[in-house]
Every structure is written in C-alpha cells, then in structure tokens.
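Engineer: For reference, Swiss-Prot lists these features for the protein:
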type	residues	note
TRANSMEM	6-26	transmembrane segment
TRANSMEM	65-85	transmembrane segment
TRANSMEM	133-153	transmembrane segment
TRANSMEM	176-196	transmembrane segment
TRANSMEM	249-269	transmembrane segment
TRANSMEM	283-303	transmembrane segment
TRANSMEM	378-398	transmembrane segment
TRANSMEM	419-439	transmembrane segment
TRANSMEM	483-503	transmembrane segment
TRANSMEM	526-546	transmembrane segment
Amino acid sequence: MSSTTAGLIFLAVLVAALVVVHVPLGDYMFRVYTTDRDLAAERTIYRLIGVDARSEQTWGAYARGVLAFSSVSIIFLFVLQLVQGKLPLHLHDPATKMTPSLAWNTAVSFVTNTNWQAYSGETTQGHLVQMAGLAVQNFVSAAVGMAVAVALVRGFARRRTGELGNFWVDLVRGTLRILLPISIVGAVLLVAGGAIQNFHLHDQVVTTLGGTAQTIPGGPVASQEVIKELGTNGGGFYNANSAHPFENPTAWTNWLEIFLILVIGFSLPRTFGRMVGNPKQGYAIASVMASLYLLSTGFMLWFQLQHHGTVPSAVGAAMEGVEQRFGVPDSGVFAAATTLTSTGAVDSAHDSLTSLGGMITMFNMQLGEVAPGGTGSGLYGMLVLAVITVFVAGLMVGRTPEYLGKKINPREIKLAASYFLVTPLIVLTGTAIAMALPGERAGMANSGPHGLSEVLYAFTSAANNNGSAFAGLSANTEWYNTALGLAMAFGRFLPIVLVLALAGSLARQGSTPDSAGTLPTHRPQFVGMVAGVTLIVVALTFLPMLALGPLAEGIH
C-alpha cells in the first residue's frame, strides 16, 4: 500500500469517526447547557465563589465575567512562573529563570487558548507550573470559548430578553461535564499507546537508535496532552510538541490526537441546532465547516505530496521536519487540523513544509479558524459569518436580512463587521511594524519571502489564538514577547466582547415569522454562500501579503 493510499484511509476513518459522534456528543452538550440540575461538585463550587446558579446575566455582565476571570488567570499564571524556583517540582536548571516579558507572553498565551511558546517546555517550566498553571488554563480557556458560543446561541434562541445565561455556570459545566470526562478517557488511551505519565524530572533514561543512553525529562505528559488537543490549546510539554514520542508515540495516537482536536468543534453545530429548535440549521453550519475542512486538507495533502521544491524533488518526498513514524500524509492531515482550529500543536515542523503547504496553514488561520475552529470560538465565528452572509443576500434581493427569525439591523451588522476587522488589523499592523524595525528583522532565520512568511505566520498565529509557528523566527525577545502578547489578548477578548454584544442585541428582539421572501438558511445554497463569503473575505484581506510571502516563494 502506498503512503498516499494509507493517508487517504487515515483521513476517511477520521471523518467517519467524527460523523458517528456528531449527534450523540452534540446532544449531550445541549443537555449540559440547558438542564436545571446541578451536580454536587458544581453546587460546592458555586458556594465557594458566591454564585447564584439560577441567576442570569445581561451581555455586559457576561462579558465582565469573562474579562475578570481571564484577567485574574493571567496575573496568577504570571506570578506562578516567576516564583516557580521556590515551589516543589521545579527544574534545577538556569533556564527555568523566566524573564518578566516571557512570563507575560506565556500567561496571556495560555489564558487566551493560544499556547504560543517562546520557550522550550522541558527546560523552562517545572511540573507544578505545568499542572497547576498551564494544564488548568487548557481546561478553563476552552470552557470560556464554549460558554461564549452558547451565549451567542441563546441570543438567537431567546425572545425579548436581555439575559444570556450565567457565565460562571457555563464555565463550570463545560469544564466538569464535557472537558474533564473526555480527557480522563483520552489520557488513559494515550498512556496505553505509550505516552508517559510520571513525576520524573531529569531521570527518564532512554536508549537511542545508536545504542547510547540519553536522559530526557519526564512528567505528567499524557494528562496534559489530551486537554491540549481536546481544548484546541496546543502547547506542548516538550519543545518538539506532538512530534515528541513521549507525547505522541505511534501512528494511532497521532490519529487519536487529530480526532480530539476536531471532535468538539464539529459536534457543537448539533448543539446549536438543538438549542434553536431546528437541527437542520446545525447541519447547515456543520456542512460549511466540513466543506472548508475537506477543501483545505485536500490542498494540504496535494501540495505536500507533489514534492514541490528542490529537496523534496531530489529525495522523492517532503520529509524534512516530518517524523518517519507518521509520514507525509498523516502529518499533512495533522497540520490542516491544527491550523483550521485554534490548536497550534504540531507533529511536524511547519517551517519545513513546502512553500504552498505553509501557505495553506497560514490561510487556514486567516479564515478565522472556523472549520471547525477553536473550542467554542469556531462556532461563534461561523455564526457571525452566517450573519454577514444573510446581510449580503438581503442586499441582493432588496429585503431586510433575517437569520433564525431575527432581523439583522445596522447594529447587528456593525458588530459582525467589526468582529472580522479586528484580527486582520492586528495581523497586518503587527507584521508591518516588525518588518520596519531592523532589530526585529534580525530575528528572522531567513531573508526574502520566507523571512516575511515567518513574521506573518507569527502574528497570524497570535491574533487568531492558534500558537503554532514557523520556528525560524527567534521570538523570545522583549519586543516580540510584548507585541505577540498584546496580539493574543486583543485577538481573543475584543471578538468575544463583540460576539456577546451581538448576542445581547439579538436576544432583545422578538421573532419574525418566515415569509415567501425569507432566505432558507438550511439548504445547500446557503451552505455554499457562507463558504463563498468566508473565502472572499479572507482573499481580499490577506492575498497581498500571501503573494509577497509564500506565493512568491513557491513561484521562485
């Protein structure tokens, strides 16, 4: 069997598994966010933090809850990293001395679900920081994204109310009822597949292929690896991330990790359909996501298997930066999944992808990561795209646009348009400033188009809360740590505030009955329109920069 055939089978089994779990997991999440029953552990947490689980919040109060929780999380994680040398389970290594700028960058990175890492995990973060700091944020940052998505769905589903639910209840339920149970099962499977789970610091001795002994730090890897993928976080315990055999030992654990990356994102549209009382609407959103996912993955595999470039042509495969235990096709599927979501984990070196393969990873992030996108953020991003699509369709036929019985008035379209202006503004401004500063240009390992691609990739990844990188960029500097930290913060919280404002505006409306002129939003035509609007918006925004970077490199 050729590697191409094996890769296609790998992808087909993955898609089939996602289809199988779409309805049961989506229905389960629907019940989690709509039930009135609280678990005993949840009631205890509510008492400890002083929350009335039956009270609801306006969009402003919900947004303040998100911002307050995230701000406290950033401060806690920032301090934890700086004092880790005085805590148990720290690394006895000079490299563990975090600079304030790196601690800031890392704290913002994990709280915003980005997991950009300007450091080597196994030599910088002690086990206590990994567990009590980074792993905890992997859970709660994903739960924040799901909570915001559910709040927007409630905005569509509710009529003439200013309330969107309770952020603290949604946060706790998402963590305890969805992320934690799946993570427990996934961690056991990873350990069974060979991932490590221990508290060793520097005494994990392995034998290399050459027969010599090598000491590699151990740690609680499997428990962090599973939520890293499930919560679309992406930060690796090791610098090599999911290419490291202690994190991702075999081809089937590689498949499992890709499945974990995609499973919640592709199941949330079912939750959306159930909550608005029309499952067909959920299928339409899932179809847009699936179409873009398959299109992107197909192009990624094509570009990687075409042997484009001098070295791939000479050796017969684009194997630079690729683990032999995975191969080119499986690594291509992983690269597409990790950049179509907000994960950013890698099982190969993205800087070593073919020029056009690297362009696909950037384009995936520039789509807004909506196919299926980050945990929660993918759904609310796609719903904002649906709002823009019905607005465009309404202009074409001269009718006031409507979506799910809600009129898309000037306020709603301004909020939706602002949502999609935030990220390009951050990406293009940050890239332009970095390229204008000689000191920051010196951080590029390559000149010419690929050097530009490294910087563009960094700001694209940070602003879209992805966290992957073209590793040729030396990003652990005062300027990059600060600038990318700001890009991550603004790229996360400005869109969230705009989404919640949109949800509040929609929730206050009544319901407009369908008429003969209402655009059907559950049919294939609408699926095609949303996909088309997504591609056009991205192409008009980023094509000039892509032409100067990866496209120019590919033509050369």
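From the backbone N, Cα and C atoms, a Cβ is placed for every residue, glycine too.
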Engineer: Which bits of the chain, at least 6 residues beyond where the transmembrane segment (65-85) starts or stops, bring a Cβ under 8 A of a Cβ in it?
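Structural biologist: Result: 57, 96-98, 100, 103-104, 106-108, 110-112, 125-126, 128-129, 132-134, 137, 140-141, 144, 147-148, 167-168, 171, 492-493, 496-497, 500.
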Engineer: Apart from its near flanks, which chain residues at least 6 from the ends of the transmembrane segment (526-546) lie with a Cβ under 8 angstroms of it?
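Structural biologist: Residues 284, 287-288, 291-292, 359, 362-363, 366-368, 370, 382, 385-386, 388-389, 392-393, 420, 424, 427-428, 431, 452, 456, 519-520 contact the transmembrane segment (526-546) from elsewhere in the chain.
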Engineer: Look at every Cβ pair spanning the transmembrane segment (6-26) and the transmembrane segment (378-398), keep those 6 or more apart in sequence, and say whether at least 3 of them are under 8 Å.
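Structural biologist: Contact criterion not met.
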Engineer: For the transmembrane segment (249-269), which recorded stretch in the set 133-153, 283-303, 378-398, 483-503 gives the largest number of Cβ pairs separated by under 8 Å?
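Structural biologist: When the Cβ pairs under 8 Å are tallied, 283-303 comes out ahead.
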Engineer: Can you name the far-off residues of the same chain, 6+ from the ends of the transmembrane segment (483-503), with a Cβ under 8 Å from a Cβ of it?
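Structural biologist: Residues 59-60, 62-63, 66-67, 70, 104-105, 108-109, 112-114, 116, 118, 148, 151-152, 154-156, 164, 377, 380-381, 384, 387, 412, 415-416, 418-419, 422-423, 426-427, 430, 433-434, 458-459, 462-465, 475 contact the transmembrane segment (483-503) from elsewhere in the chain.
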